[in-house]
Amino acid sequence: MDQNEENTENPEKTDKDETTKGDKKSEEPENPVISDNTIEEVVIKCDVIEISDEEEEVPQKKRRRKKVSNKVHQCEVCEKTFQTGYELKKHHRTHTGERPYMCTTCGKTYTQLGHLSIHQLSHKGIKNFNCVECGSSFYRKADLDRHEKAHRGIKPHTCEICSKSFTQKNNLVMHIKMHIGDRRYECEVCKKRFMTRSKLTLHSKRHDKIKKCQTGQLMGLMSNVYSE
């Protein structure tokens, strides 16, 4: 093979080819520099919640976490504390007697919308939760759970004063009020005081009956006078 054929099969590299390859290398640095702005875009850290690499794959809506607030909301009346202002607002109604939610069927009022919703089921006769032991039906699962504890003799709520136990927390609260003499509900007519609003309501109905009887008797006397 002669000299010319070798040059044809393996042509020499030109200056232009060397220049092109050199330009390509300069365009691709071995250690790319990442600016501070790039880091801020890549790494996002919440002040409250740290998101792991695995959670980055989850859609934004599913990665929502409930933020835990260290702020304490305290009742000015009894100094009881709550995590949210809404819980404090609901609690404060026990002191003020405010019952903003009214049943449009019977006019009964409640402090919470959830309590009204459960009450409205009673008008519809809907009891979806049934006891497997005795067949009793309930509007709420919580009521069924308490009922089943009574079957099993479970009384988790114990009085620290006399050690008496109860199946329901509200019964324990009522019991403690008897120890401390808490009678915050006062009758506007006779000033008699009661531990619960329900007992005050029953008492007030007696006054209403007496008033109706007295009004009826008075109307009867007036009619007799005019008839004479």
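Cβ coordinates are placed from backbone N, Cα and C, and glycine is handled just like the others.
In TrEMBL, annotation is done automatically, which means it is predicted and not curated.
The region 'Disordered' annotation in TrEMBL covers 1-37.
The feature compositional bias 'Basic and acidic residues' is assigned by TrEMBL to 10-28.
In the domain 'C2H2-type' (75-95), helix, strand and coil residues by DSSP number 11 helix, 2 strand, 8 coil. For 75-95 (among others), the entry in TrEMBL reads domain 'C2H2-type'.
Residues or ranges marked as domain 'C2H2-type' in TrEMBL: 103-123 (among others). If one looks beyond the domain 'C2H2-type' (103-123) by at least 6 residues along the same chain, the residues whose Cβ comes under 8 Å of a Cβ in the stretch are 90, 93-94, 139-140.
Outside the domain 'C2H2-type' (131-151) by six or more residues, the chain places 118, 121-122, 167-168 with a CB less than 8 A from a CB of the stretch. Marked as domain 'C2H2-type' by TrEMBL: 131-151 (among others).
The domain 'C2H2-type' annotation in TrEMBL covers 159-179 (among others). Computed over the domain 'C2H2-type' (159-179), the whole-number mean pLDDT of the model equals 86.
As annotated by TrEMBL, domain 'C2H2-type' applies to 187-207 (among others). Mapped onto DSSP classes, the domain 'C2H2-type' (187-207) shows 11 helix, 2 strand, 8 coil.
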